[in-house]
Amino acid sequence: MSKVLLHGTLHVTVYEVDKLREGGGPNVFGKLMANIQETVGFGEGTPKIYATIDLEKSRVGRTRMIENEPQNPRWYESFHIYCAHHASNIIFTVKDDNPIGATLLGRAYMPVRELLDGDEVDKWIEIMDEDNNPTPAGSKIHVKLQYFDVTQDRNWDRGIKTGKYPGVPYTFFAQRQGCRVSLYQDAHVPDNFIPKISLAGGKYYEPHRCWEDIFDAISDAKHFIYITGWSVYTQIPLIRDPNRQKPGGDVLLGQLLKKKADEGVRVAMLVWDDRTSVNVFKEDGLMATHDEETENFFKDTDVHCILCPRDPDDGGSIIQDLKVSTMFTHHQKIVVVDHELPRGGSQKRRVMSFVGGIDLCDGRYDSAFHPLFSTLDSAHHDDFHQPNYAGASIAKGGPREPWHDIHSRVEGPIAWDVLFNFEQRWRKQGGKNVLVDLKQLDDILIPPSPVTFPNDQETWNVQLFRSIDGGAAFGFPDTPEEASKSGLVSGKDNIIDRSIQDAYINAIRRAKHFIYIENQYFLGSSFAWKSDDIDVDEVGALHLIPKELSLKIVTKIQEGEKFIVYIVVPMWPEGIPENGSVQAILDWQRRTMEMMYKDIVDALQDKGLDDDPREYLTFFCLGNREAKKSGEYEPTEAPEPDSGYLHAQENRRFMIYVHSKMMIVDDEYIIVGSANINQRSMDGARDSEIAMGAYQPYHLATQTPARGHVHGFRMALWYEHLGMLDDSFERPENKDCVNKANEMADKCWDLYASEDLDRDLPGHLLRYPVGVTRKGDITELPGTECFPDTSARILGAKSDYLPPILTT
């Protein structure tokens, strides 16, 4: 049966199986289980029956496990499923769970074509065995399905029409009104970074300074400071700009937190416990997160610092639990404090929260100039970060690895949602309860309420999203019914919040003109990859974001409208670029790009167009090249002869590491958080993540382009990356804009990769160094198999030994 595109939303209810065996005799499953139990020695177990929902081989839903009903399991569970898949069947698989996996009981097939008219289908479907024959008992499963094509969504391709837009549906946290948002590019913005960007109402964009604001927020706290991080390093100062010093600004972060705790402020920290940081690996661990060092620093102090492993929820098998606890991380990066009111003069306090991609650790402090060598005797002398070359050190000199990132501050009712997220996590994994009893602060702490008036032109509507499950958050509902009401996804005895992926999907589907993405990773939708040299079913990077992007572009091409997606990623994932894990991720990235370009090329050909596909989807990376200055820091040692480190030092160049996790849609809506565009971050049951989605209701792209703070922030980012502003950048959906950006990035790549350059690179935005054929194939650029100063293939290489779950 031919496959058809299901692009929209599936509503599915799985009711029950009528009978799994005939009469009272043993079924095939019973014999299988007896054999397994005897072989592995787990003893006789209780049948735990569950059902899965697949679009062909892509898992899109899973029920809870039903115990002690081996004959007639009844789930009565409903699912809200976003889909962007080509499929001929929706497959319902019935399984019995066991300690090392699951035993197949049978499959039922629902032809997709029966759903395309949008009518509700309620039926019993015959269950087939492994050989596609009816089961001996003639078992059937009762399901109800209804498909809503994406074009039936009232928000499809319409942007945010009014300030009454209610936010992303089916989520744990509702959208909050009357908020304030501050957006940060990099950890710091120096005074001489002043792009003149016009906003609505005759105003101009003003940058904010992330680590200065976090320093002020921590310093001002009187009652609580709550921090979560992938890494928190005590030995860093937050204030480093000699032109913007603050009283007490030279204090290190660890000492600042100790000082606040000594003042009576409740300081509680959840830092990811890198389980590789044991002696066999060295104390820093494979990830060098300083987790043990941070814990030891706060031992026997009033700071409550908990090393927090990524524990599995209780629903997985032994094998699944092992994967979660050893492969995945806590990746949320938040700070929550009580803070004075904006104009002071009151004993009242409010909640203020920070959410984004920047950990409070070494290697993160940087500015829009992203120096390689010039700050090695100042801001980066004691914070030299270069993990891409073995043995790199300040003694051996630059280039350091510059760090580009994005963060946000939220105020108003949304800040309380970030606080609640911390409380949920602490109550699950924080040990003894040291959380401040907020009821005791009723007279001091202003409850969740708007911080702007309804007619304030600068107000924001903001919604909090997460990737997290019941293994990391306390108080998730126990039943699928309650989980569904709370906007959560129920799995195999696991309750999951997967709303970050939902937020991206909804924003892409709403988009009208353009999308701008910066992300540390870009891979996924593996169900749509070419399968000529891999088994795509084993990859499991099933999140929809890349496919949603390409389908949006395809739809616009079909309608004769222009739509452009700009994506900025790092040259390679941080680490030694020749290593197997880095090469594997680059391979997944190439396959993702190729899948998207194939979609675009097919759509162009169907319309008889011979356009360059890079006019619709274009990938960039960031890099810098710095001429030697007199009086520059001189290293006392030299890198290894003929090493990539030495070549990069001699050529005065290196990538700027893109660690951002951000998407801007039509200059009216922005997502900022900790989540990468990969399966680890978007799954919900892998890495824990947090993000916020926000817009200004008085600055929407309705009749005229949006010219609020989201627009100003994008323009400031482009000024940072390109070193200039151009009138065409005001309208990224126009061909003039994408051609200008591509032309400048191509030129900067040529300068970056050239043998000699005796001046600073004029801009940081570089073409991602791959070619795109008119057939959509991703190829090497002529003479550019490897990244400069490395022997690492740009197109990557599939790994024969690393499991995909680790690198996707």
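Even glycines carry a Cβ here, placed using N, Cα and C.
Keep in mind the model is a prediction, meaning the values are calculated, not measured.
Just one of ASP186, ASP191, ASP213, ASP216 is listed by Swiss-Prot for the same Ca(2+) site as HIS370, HIS404, GLU720, and that one is ASP186. Around ASP666 (active site), taking its Cβ as the centre, 25 other Cβ atoms fall within 10 Å, counting all chains.
For HIS331 (active site), the nearest of the recorded positions by C-alpha distance turns out to be LYS661; the candidates were ASP338, HIS404, LYS661, GLU720. ASP186 (Ca(2+) binding site) sits 10 Å from HIS659 (active site), counting Cα to Cα. Considering only the active-site residues LYS333, HIS659, the Cβ with the fewest other Cβ atoms within 10 Å is that of HIS659. Here the domain 'PLD phosphodiesterase 2' (654-681) has Cβ contacts under 8 Å with residues 159-160, 183, 230, 328, 331-333, 355-358, 370, 372, 398-408, 465, 467, 500, 503-504, 507-508, 510-524, 540-543, 545-546, 568-572, 574, 621-624, 648, 687, 689-696, 699-701, 705-708, 710-711, 713-714, 732, 764, 787, 789, 808 of the same chain, all six or more residues outside its ends. Reduced to three states, the DSSP call for HIS370 (Ca(2+) binding site) is coil. Cβ crowding, taken as the number of other Cβ atoms within 10 Å, peaks at ASP186 among the recorded positions ASP186, ASP338, GLU720.
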